[in-house]
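If you look up Swiss-Prot, you'll see 5-169 marked as domain 'EngA-type G 1'. Taken from Swiss-Prot, the feature GTP 1 binding site applies to 11-18, 58-62, 121-124, supported by sequence analysis. Positions annotated as domain 'EngA-type G 2' by Swiss-Prot: 190-368. Residues annotated as GTP 2 binding site in Swiss-Prot, with sequence analysis given as evidence: 196-203, 243-247, 308-311. Among the features that Swiss-Prot reports, domain 'KH-like' is placed at 369-461.
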Amino acid sequence: MQHVPTIAIVGRPNVGKSAIFNRMAGRRIAIVHDEPGVTRDRLSAPCKITDRACKIMDTGGIGARLSDGFAEQVEAEADIAIKTADLILFVLDCRDHLTPIDQSIADHLRKSDIPVILLLNKADHEKQDLNLGEFAGLGFDDHIFLSAAHGRGFSELASRLDGFLKQKGAPLKEELEEEPENGEETALPIKVAVVGRPNAGKSSLVNAILRDRRTIVSNVAGTTRDAIDVPYLHDGQPYVLIDTAGMRPRSRRDTSVEVFSAMRSEKAIRRADICLLVIDIAAGITQQDRRIAGIIAEEGKPCIIIVNKFDLFHPNASRKDRMAEVEEQVRRELFFISYAPFIATSAKKAEGVEIIFKVITRIRRESHNLPTTGQLNRLIQLAQQMNPPGAASGSARRLKIYYATTAVDPKYNTIPVPRYVLFVNDKSLLTDSYSQYLRNKIREAYPAPGIPVIFSARSRVRND
């Protein structure tokens with residue numbers, strides 16, 4: 001197997017590493033995360049701007065909130081880059097003076113034999129390219145002025161990287177994977193899990209969708225024995241409907257039916273990019289509905305609540321009153337997926353079904369509405385000023401949030417789901433109520449209906 005080199009992006013916070021990473025990864029989403037909660041702040045993705053294959057890695061968070069206590073963190077993260085990378089891109093903000101963190105990272109990188117290219121970011125105008133200034137004193141000969149915000153300098157970077165990759169024997173990308181015959185990039189299908197308790201109307205919903213004249217469909221067995229994957233094309237976008245309906249295990253006991261239904265739903269939820277939670281509103285929201293909704297929340301999946309059999313729900317009342325009562329029930333009983341919009345349908349009559357894919361498209365579009373690192377930190381700091389965290393029970397200690405960043409797991413390759421990583425004094429002090437407060441603030445500033453807001457808190461000791 002041919003060696004695919006790794007290129008590490010290092011630098012202190014707020015110099016533009018995330019923007020550079022996204023440009024190189026060909027993504028307009030926040031940084032792709034390899035293994036959330038396991039790999040600390042190392043993020044990776046294939047590089048899209050080069051002709052030769054390589055992987056880019058971001059060691060985000062080096063020296064967040066400078067203090068004497070972070071010297072070891074700087075060294076540890078730089079060590080990760082040195083031990084795993086074939087080339088290091090050291091990012092600096094060309095508009096700022098060198099900081100102690102910049103100097104510390106440079107000192108550590110100079111001790112290695114790994115080649116380093118200085119990326120002098122935020123050079124939005126050509127006149128900024130003329131003055132290398134104090135950056136020349138870092139001891140690295142190779143440098144590129146660029147602007148991640150405007151795309152300046154990336155052609156030069158790609159050319160420089162391809163020259164290096166050729167020397168390292170990196171294969172051309174076409175040698176690794178076959179290009180589509182028509183030369184066009186094929187859109188990734190969005191996997192949609194249709195889940196819910198038995199008799200909620202999942203089969204009727206899928207049948208109503210497949211009667212749409214815009215469909216191109218053939219049934220093939222799914223990767224599990226308890227689901228059917230149904231390819232479906234809607235307005236040029238491919239989907240895969242993961243249909244758990246019609247696969248009800250034979251059972252003489254309703255309790256067994258409930259258990260097996262939940263098992264099938266859980267498998268479908270894990271595979272899906274977005275879930276359609278089908279509720280029989282005429283029968284009311286049940287414990288089984290709440291259980292399946294809980295799995296969706298635990299898996300951190302985008303979701304739409306399909307309020308089915310709406311035509312049978314208080315049919316003599318006005319639609320406005322019925323919708324108000326449905327919303328009250330859904331928000332009360334399924335509060336833990338409050339981020340999920342709901343759609344009232346009658347699947348048997350195919351009413352409301354046409355709205356589903358419009359909402360999915362809107363969720364996918366607005367899922368990219370993510371704050372930058374700077375915007376996120378300003379929002380978090382303002383939220384703390386407006387409503388400071390309370391003291392822990394039986395203690396005078398209070399939560400302190402030092403720094404925050406955003407990561408997106410690569411398994412969310414069609415609808416990105418952000419994970420907001422909070423670096424705090426003690427993660428045990430982050431209460432559910434304060435987490436919900438921060439979620440609400442993020443949703444107010446960066447609305448993304450259908451997308452969960454997930455926090456990952458990490459304790460950091462500061463000597464200040």
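In case you wondered, yes, glycine gets a Cβ from its N, Cα and C as well.
Here the features listed in Swiss-Prot are painted onto the structure.
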residue : record             : CB count, 10 Å
G11     : GTP 1 binding site : 26
N14     : GTP 1 binding site : 15
K17     : GTP 1 binding site : 27
A123    : GTP 1 binding site : 23
G196    : GTP 2 binding site : 27
N199    : GTP 2 binding site : 16
K202    : GTP 2 binding site : 27
T244    : GTP 2 binding site : 28
F310    : GTP 2 binding site : 24
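In three-state terms derived from DSSP, T244 (GTP 2 binding site) belongs to neither a helical nor a strand segment and is classed as coil.
In the three-state DSSP reading, A123 (GTP 1 binding site) counts as coil. Sorting each residue of the domain 'KH-like' (369-461) by its DSSP state yields 31 helix, 23 strand, 39 coil.
Each residue contributes its Cα atom, and for K202 (GTP 2 binding site) and G11 (GTP 1 binding site) those atoms are 50 Å apart. N14 (GTP 1 binding site) and N199 (GTP 2 binding site) have their C-alpha atoms 52 Å apart, to the nearest angstrom. Across the fold, the C-alpha of N199 (GTP 2 binding site) and the C-alpha of A123 (GTP 1 binding site) stand 60 Å from each other.
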